[in-house]
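Undergrad: First the structure, which I've put down as structure tokens, then a few questions once you've had a look.
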Amino acid sequence: LLQSNSNENAIIIAEKTPFPADTNSLQAIITNIDFNNFMMFFFEGIKSSLIYPCTDMHIEKYRKQNRCLIQESADDYYNITLPYIQSNQLSVEWVYNVLDKKCESERIIFDNPDQINGFMLLPDLKWNGIDIENLYVQAIVYRRTIKSVRDLKEEHLPLLKNIREQGLKTVEEKYNVHRQQIRMYLHYQPSYYHLHVHFVHISYDAAANNVGKAILLDDVINNISLMADYYQKTSLTFEIKENHPLAKHYRKLKLEN
């Protein structure tokens, strides 16, 4: 739902989420995202989020629209995608605030503060923290120079293996879930360009788990182990909304060439 007031836009997102039957209370969580007021309410299984003020990029991100697949070669990445990311990406200052523990520190379930091979683990706001079959946890790396899987090289293997082993151990112990029931993946394209890894229960069913969006962490580690610069040379196919600025950028440049 998009609303406008005083020349500023706001987005309200309502999602159905699993919740205990005996819960009949309203809980509000306020967190910092993109320097906007981001409020989240849970009420009888409905999660509502408010982003205010929101940008045109926020509006396009949440607007319902058709999707398409883009086959991105290595040259395409360096000539089209990377310049777009560098000039158009949403701010990741909110990520730095989390890593610096200026906010959300009470939600951290694991923290390896090593600035090269360390990461922070915390529940995703999509998860209510109760229903294990919808478990959703994110690992956010401390290194600020890795935007996406495209930047990953052999030197990053210790970091990726730390995320896999320490992350699995933490989720297993804290939530009593066997590691064979935990799916670990990276998104490409990601929702924000600071490397993060998703940990979800194998029963969690969402479009974000699909081919064209998710790349399994084990596959990333294996590919880089076989070829140190695999993700700088390979082609990647990704799913994107048809009206996303990056999709429009691809169509324009491909037509010109």
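Each residue, glycine too, has its Cβ placed from N, Cα and C.
Feature list, courtesy of TrEMBL:
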{"type": "BINDING", "residues": "Trp94, Glu104, Asp124, Lys126, 187-198", "note": "substrate binding site"}
{"type": "ACT_SITE", "residues": "His196", "note": "active site, nucleophile"}
Undergrad: Cα of His196 (active site, nucleophile) to Cα of Trp94 (substrate binding site): how many Å, rounded?
TA: 14
Undergrad: If you count the other Cβ atoms within 10 Å of each Cβ, which of the binding-site residues Trp94, Tyr193 comes out on top?
TA: Trp94
Undergrad: Starting from each candidate's C-beta and looking 10 angstroms out, tell me which of the binding-site residues Gln189, Ser191 has the most other C-beta atoms.
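TA: Ranked by Cβ atoms within 10 Å, first place goes to Gln189.
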Undergrad: Are there residues of the same chain, six or more positions away from Leu195 (substrate binding site), whose CB falls under 8 angstroms from its CB, and which are they?
TA: Ile140, Val141, Arg143, Ile146, Lys147, Ser148, Val149, Asp151, Leu152, Leu186
Undergrad: Which residues does Val197 (substrate binding site) neighbour through Cβ under 8 Å, counting only same-chain ones at least six apart?
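TA: Long-range Cβ contacts: Phe119, Gln138, Ala139, Ile163, Gly167, Met184, Tyr185, Leu186, Leu217.
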Undergrad: When you measure from the Cβ of Asp124 (substrate binding site), which residues in the chain that are at least 6 apart have a Cβ under 8 Å away?
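TA: Correct list: Tyr136, Val137, Gln138, His198.
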Undergrad: Name the residue among the recorded positions His187, His196 whose Cβ has the smallest number of other Cβ atoms within 10 Å.
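TA: So among His187, His196, the recorded positions given, the one with the fewest Cβ atoms within 10 Å is His187.
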Undergrad: Going by DSSP, is Trp94 (substrate binding site) part of a helix, a strand, or coil?
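TA: The residue in question, Trp94 (substrate binding site), is helix (DSSP, three-state).
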